[in-house]
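*Asks:* Taken from TrEMBL, the feature domain 'Ig-like' applies to 230-309, 403-493, 928-1010. Residues annotated as region 'Disordered' in TrEMBL: 671-696. Among the features that TrEMBL reports, signal peptide is placed at 1-28. The transmembrane segment annotation in TrEMBL covers 600-628, 727-747, 1077-1097.
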Amino acid sequence: MLLHCRRALKHTCWGTLLTFLSAGIVDGALLVSIPGPSPVDAKVGSNVTLRVLYTGATDPNVEWLIGTLPIATWTVGSSAPPNIPAQFDALSIENDGSLTFRSVQLEHSNTYTVRMSKSGVGTDTAMVTLRVFDVIENVSVSSEPVKVVEGASAFTLGYSTLRGEADSAKWYFDGKEITNGIHYIIGNKNLKINNPTRSDTGRYSLVLTNPFSSETIYKMINVLYGPDQPVLKADPPKMAFDSGDSLLLSCQADGDPTPSASWLFGGLTLPASQDGTLNLTDVQTSQSGVYTCVLVNEETGARLERNFTLNVYESPSGSPVCSVQGVNGDQDLQYRCQWPGGMPEAQLSFPALNDSRSWSGDFNLTVPPSQDLSGKEIICWASHPLLQRNCSITARGPVDFLPLVLPAVDSNGRLVATIVCPVSAVPAATMTWSKAGQVVSSGGRYLISPNTTLLFIKDLPLNTSGLGTYTCEASNPFGSKTSEILLLGPTISDSSLVSNQEGTVATLTWETPRTSITTGFEVQMKGPDLQSSLGGSQRRKRATEEFRTIQNKPANVSSADLGVLDPKSTYWFRVVPVAGRGQGEPSKVHRIGPRGLSGAAIAGIAAGIPCGLLLLLLLILLIVFCVCKRRRRQTRYPVSRAVEKAVTAQPNLNTPHNLLTGGLKTVEGPPDYNVHQASAERSSTLPSTVSPPPVRMATTTRQLSKTTSGFHGNVTEPMGCLGSPSVLGIVVQAVVVWSVVVAGKQWRVTFPAQISAPAGSCMVIPCSFPSPSSPQTVDVSWYQYAKYSYPMVYSKTKGREVIAKFRGRTEIVGSTGEGNCSLKINSTQVAHNAERIYVWINPNNLSGTFYEKMVTLQVTAKAAQPEMQVSGELTEGAAVRLTCSVVHTCPPSPPYISLSNHRGVLKWSHVEEGAGHSGIVLNVTYPPKSVRIHGDSSIVPPGGNVSLSCRSEANPPAGSFRWYRTVRDRRTLLYHTSESISVGDLDPRQNLFHCAAENSRGITESAAFEVIAEYAPVILPDSKCTLGNGRVSGWVLRSVLSGPVGAEDQRFYCNATNQHGEASHQLPFTADLPVKWLLAFGAAGGTLLLILLFGVFSYRKRAKRQCTDLPITDLPLKKCNRVEGEVKTDNFYENLQTLSHPRVVLDSLYTVEDAPRYQDEKKRADFEEDTYANC
């Protein structure tokens, strides 16, 4: 009962408040206000009303003013017409005091004041601004000045409109809005750009807007500049050009527009291409000079000139030549350097002579012959603008030399001998000839060559008057040298005969003394005639007892092949030297054919019989000694297999040796002069036999037990006295050593056939021979091969006899006692190139001649090229192994190897002596990088196409491409796989393109490239018109329009236009109910609400009296529904109100307080009685 009474009281209070509000507001203070937005915008020709609201008075006086000028006066509710001056006949006052403009014009834009007054209440005013706009049309932007040049103080962009004004103007440069600053100054209808540069070139945009229209216009500004500083260059790029060369002179400069270029030379304009390239072919020295490039900007008239100096020279022919000669009676030295020709001539100088003078073409410098200059290399530096060369000359006194004799026969058959003194001296030495102390001069049988190095002896008699000792003395400013030569008659110093295994062919070889006068040889034989062919059946003649000549050989031949021989016959051969018409003593006679024991064999037998008897006697004595001695058990030493092999490996001493028996002899000092022959003087290779296998000896000491193996058998019985190692072992070893000594250990010298090294480096010729079996002194010498002399290259004991080019430069590396004959040549020179040298070893145990095996020296100007190898996959990020190796012949001074990297090119070089370089390009592969899209334009007109290219950096180059297009946030794969594509049908809203470049190493995708597609206006579907408070509003794109409406069925259209087209659309129109009807409906609703509240109050009052008479159990249980924090009842209140109650926490509530559930719920801690009361 108490709850119903409280609820009735609350409803009564709310009803009283609503009745008070519906009864109206009593007069109070007069208040005037302007509803809606301010300022009020209107379009030219439309009707617009300046609304006003007032409170606190009824029917006040209304006065509208412009400043202090009244334009309309009226009393609200008065039947009298408003007081409006004639000039404002387009104005009218509405019933509520509002001011209406009919067909508003631009001049109506102003600030208006409304003043309302009521007698006894007061006066109040309000102000409202009216802005009248027209549609913006025909906007143009111009530049002042028209041509914008870089470096000008400023240029101005101004705009004008044929119709309409904007309330907002914004400037943009390349899509970025421009703001006021130092560079940009935005003024009234203009934009000023100070100090324009080429970076100000671009598209400027002007956006003009007012509430009823918007217009965008573009202006492309091109800032002219240039010509900039040109780039002048010659191709090929050289400081000077040789006569006959061709070249291109280019002159390029940046500018807008591109400057035109022309060339001037000697005041004349030369024909050049449009890009400023001048082509000069077969240039001559007359074309040297200053070339002027003239650059002109055709738009601005700017002109720039730059000079280029072209140097055309003529290089001298060949290379400079250095020489030195004795002058003033060999008292002074005159150095000379010549390099004639060229334009200009080369400048020559001798800086090593401490003389600063120089000359061109031919330069002579005279100095005294001091000892410091002997052996000193003097360099002449020759400098030409095109070439840098040098030559050198080393002056030195005469060195030891060996005279040679060259015999010949003239046309009359007379013997002529030429004695040559090949002295080496700089300047050339002058020879003085003598015989037996008497000076020889030209005349009679003697003739001396102009250079005095040759002595010709005509009709040489082979007696003491012609033969004998001749002396030549060589002298120059540094000293003199003397040498002698003993002329001998025709003589054979040695000869030998070797046949093949079948005995059908024999080779006779011979040697002559170096100074013998020999013009030919007669090969003679005794015995049966030679057969014409093998197996011939011709009848053989009977052997003769006299020698007969079968072959004649010239002087340069030292062998003869004899055949075909009958193996069953015996032949005798000899050779006779010939000098002109005279002959010398024949050589010894050589026999070939079947024979008995040789003399050596007989001697061996004779020596072997007593030795055998002596050995047998020793064995008998040992046996007797052992039998008589007390027997004891000892281990017997059998003959070792090694000893057996050594014994069985003895060569057949009767087998002919494979080399000539007339080999080199072991002598102290230089070799025999009669040995050497030129390669052309020797016959073909002699038939060879199988050389005996080498003998290998080893000595092993080991403690033996009674049971031993590894010998001829297993011996387990005790050894007798014959097995005593003290006697029998010594005897066996003596026999073995004796057999080895008899066999003779032959030396075999080993060294390469040729060896190379760069000039200025060192060269080690590896040489080895079997080390001596017994301690002995081994002398190793090296010689240069020559036809008639023995030039010494190295000698430990005769260093002064080493020829000049090797003197002080050679040495033996290693120990000769250990079989090392390696020769080191320091500071190699180009003069050493192609020289052939050989080794001489004393004592000489080498069968044959040493010079038959020679090493050829190869001296190069540059070092050997390094060899490089790359292992591993050349992929970016992977590890590879680079190997650099170089062959060198100077182990004491190995080359230095360095590594350098020049933009992906790895190079090694060794620069210890000379310089050798080699490079390898590493082709490193990697996936595409810097993938990007390049487009010919990012803004495309309607219906146009855009050309796109996918660019990337990759190795190997990308060969496959994928293209993606995103439209309205949806990405699709295009059916294009080429690098460049052309795409049309662009979407006006969104066009994003991606490309992916792919090669064998991977695939990479580019960033998005946006293409803007321009299009004609499209009016959006959600554009609309609504009527509210008697006004029409519409939204078209970004434009908003509003204005009065005369009738509810009025039609409204939206028109949009740009450079690509126009669009028109009828806007849907929705009219709101007028305000007066809303007030009427509001009053009716308030009255109905009061009636309902009164009814509810009466009903509750009656129900209050019935509450005590109803039993609790008879009350229906009604459930309250919880809906999002609000409580609704199931009775008629749910149609009238919704009470917000944020404290509701129960899922179910009940409307009867006395119900059993109500009592249980009341006991809860969070029970709230008001929650139930509200239900």
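Using N, Cα and C of the backbone, Cβ positions are placed for all residues, glycine too.
Unlike curated records, TrEMBL annotations are generated automatically.
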*Asks:* Take the domain 'Ig-like' (928-1010) and average the pLDDT across it for me.
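*Replies:* PLDDT averaged over the stretch: 87.
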*Asks:* With helix taken as DSSP H, G or I, strand as E or B and everything else coil, how many residues of the domain 'Ig-like' (403-493) land in each class?
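*Replies:* Counting residues per DSSP class in the domain 'Ig-like' (403-493), I get 0 helix, 50 strand, 41 coil.
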*Asks:* Please list, for the domain 'Ig-like' (230-309), how many residues fall into helix, strand and coil according to DSSP.
*Replies:* 3 helix, 42 strand, 35 coil
*Asks:* Using DSSP, tally how many residues of the domain 'Ig-like' (928-1010) sit in helix, strand and coil.
*Replies:* 0 helix, 50 strand, 33 coil
